[in-house]
């Protein structure tokens, strides 16, 4: 196993051969271009990587088949679907594809991963010509383009669906506690939570163990206090706004006692289950995707959605510089791989699935909120979806930096390492600030590397 | 040229300094084993291992020496060569050493517990009885269940409000958090043991099969007590397979990614931030591919060195003769 | 050491007749106690899986051990929602082929390593074990790059085919399979080989007419390990397969991982799917167990 110098040199020699092979495979000319109008893809195959919809496995299969059929009719090309299960799986796929220059032509990408994808430089930047091929920039809800690229001239992501975060509330529990409308500040939120807590029920359902939820809360409260966390070349995790956010977030359990102690082990799905069982008043950080689950539960007809509070903890009004952020800008973007020999086909495909009728249909099947202006407009009348549409328009994009992944990780890690304290019932100030300090330095190091 | 030469071979095998290279001066005396060696039989396996393991390993080593991250991923062939910088960073600025310690200690503890379990299981199913086939199949179940299923099941059971805690609560014990904090380390060991002991069992079973019937008879004639027979007659036969099982079990534990990943998620609680998780997070959440390759190489070296010292020490070549009587 | 070796060959005289009593290693009561303990250890979590698979998804999410309502619904649902059928077939094909081919290559390699001396032999023996220490996470990207490059070079698709997966698993299984065979062959008496050699048998003749028939238990064990390696792998299969070549483990993992996203996890279906995935292996074990258990002594002196 010992790696000798000789072996190593042989390896380097082999590398040259590999690079030739890679060049050969990456360099095949883009032959699908046919000027204007219809793209002819007869005999070609377009590969698309999408996330699996476990809630609707059969519906997704049917949608895949139907879309492939439509695409064949439209272009003559075969559409091959691939799926991934989690964000981590997808990052593995992107890494291997980018390094080897082979893989799917189109990726469906969670919005917060778009900066990372952008930083690889392996995806097609959308110029006017490209936007035209997908039907023009104007067909998309402007807010949804907020995380397509670092600025309007350097975009790679084409919005496909919008998934803004809102909170669900138990209408009966609010009423019983004498609360006439859902909280609009985080302090009010915590007051309501305390009022609704009594034996057998808790004010809040919080997923402290979730791998994504915690940073969304912290980022949201921070930006409302005027701290975008990444501020130019500086990371501001050690800012007082962040500490206040963690204090409030952990305080719901330790100080307010308004959260089920078991929730230190919960992911988002379990928090939803608790809310669905009628055991919690508020369930923040959810989306209209929870409608099918809730409608199948005893909660049917007894819940509503509302915007998450937008006034940072400890304040009665948003401070100057604070941003009216209802949610992170969330959803799925589509990106086209730079190595793809079928770019025009890819754009034709994207145009097809972002058209008004296709988006309305997609909403009907999966409950995903359209990014298409026309399709979104038609949903405004649905009271369950209206808050989400409102939240979508008040969504704020997380900073577009290649270092965002590390920031997110550092924020989540603070929550993960605090769970034993949470479970013990109190989070000491010194332990928390120690963790915040560590997070600040790792995130700052990542930002310093960002190009 | 027959029995004499064969005898030579045997003696040669037994008297050769253990672990050393084949003594060249013996070559001529080994007629049969030298003259007509079907070395081509090594080709298929050797070729596969060279192409699918060794070349990628060299590639991985190369990646550990370049500044590979999400910004340079696409142009990785022209990415600047930064020598040992990744290694320096891994050793000085990350949790690598702590993770190695967690991984190694967790792996060794797990193995130490699984060995007696596996051997006991092999011994108790040695003799046929009605229903033995079913018992043997039951013993195999943890091993055939995919790792992430095992992890998911245990994670569900060990939730703060899960079945384990509610049972313990009923008998008046409050075990606290299983999946976070200091206890998580022992949780990882517990689940790993549950999932891994059948591996030892299978190897021990194979070892038991190689005990000649005469040995049993001889022991029976001696009228040896069962535990003496077990210790003095049978266990020596198991020494080879079990030390192999010990070694491979430990390595498997160290490299197990799925179990801690599904049990605890990523980022993992500090107490179970094992090596594969650290490498994975560095790779796929921080996108420092070069750094993570360096971490993996460091751990590989740190594990390989004691491994090779051990392999030299265990007299690999004659370990089979140790227990034969 | 050498005296022991000689005694071994000296005491090897054919003896017939075996009785269960002679091979018993422990008093019956102790066997009963240990067997019960081990079975409980295994079966409690398995029972939980089994009961959960008969429960409803909501029931499992609520933390029930004993289902408030029994139903086989999960078992009928999974074939459509998980797409398990195709996955199991893919897994059986790949892992089965890996088991057979790796055992075949392993026994040849082990034969040479055990019975012949040549330079580098010890290094190879150590290497077989040393290779086990390479972490899979380190190899993932390089192996993918290698396959993609070879594919592009030769002009064939490797990534996404069962062939690619087969080659990868075969290689990863080989060191250990070979080692199992090495230990096994060492335990085999040489007398038969030597006798055959006097009769003029070739190396291959000895390998196939003497070694292989004597080695079934070892072959089966090494085959089982190779099979399970392919059956349980998630890391490599997750990027080396496409939906139509996905293995059972991948199908199941995709199914369970995507549960974390939105709705209440369908634990019940997942448990049912896990048990269905484990079933083929348990069945295979039943088929092959007579080889596993098969009397070595009976073969050795036939």
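Including glycine, each Cβ sits where the backbone N, Cα and C put it.
Keep in mind that TrEMBL annotations are predicted by a computer and have not been checked by a curator.
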Quiz item: Given B:185-208, B:209-232, which one carries TrEMBL's transmembrane segment label?
Solution: B:185-208
Practice problem: May I ask you to indicate which of B:75-99, B:100-124 is given in TrEMBL as transmembrane segment? | Solution: B:100-124
Quiz item: Which residues, given as numbers and ranges, are at least 6 beyond the ends of the transmembrane segment (B:39-63) yet have a Cβ under 8 Å from it?
Solution: 76, 289-290, 293, 296-297
Quiz item: List, by number or range, the same-chain residues at least 6 past the transmembrane segment (B:237-255) whose CB is under 8 A from its CB atoms?
Solution: 103-104, 106-108, 110-111, 114-115, 118-119, 122, 192, 196, 199-200, 203-204, 206-208, 210-211, 215, 275-276, 299, 303, 307, 310, 314, 319-320, 322-324
Quiz item: Against which stretches of its own chain does the transmembrane segment (B:289-311) lie, if we need a Cβ under 8 Å and a gap of at least six residues from its ends?
Solution: 19, 60-61, 63-69, 73, 79, 82, 86-87, 89-91, 94, 96, 100, 103-104, 247, 251, 254, 275, 278-280, 282-283
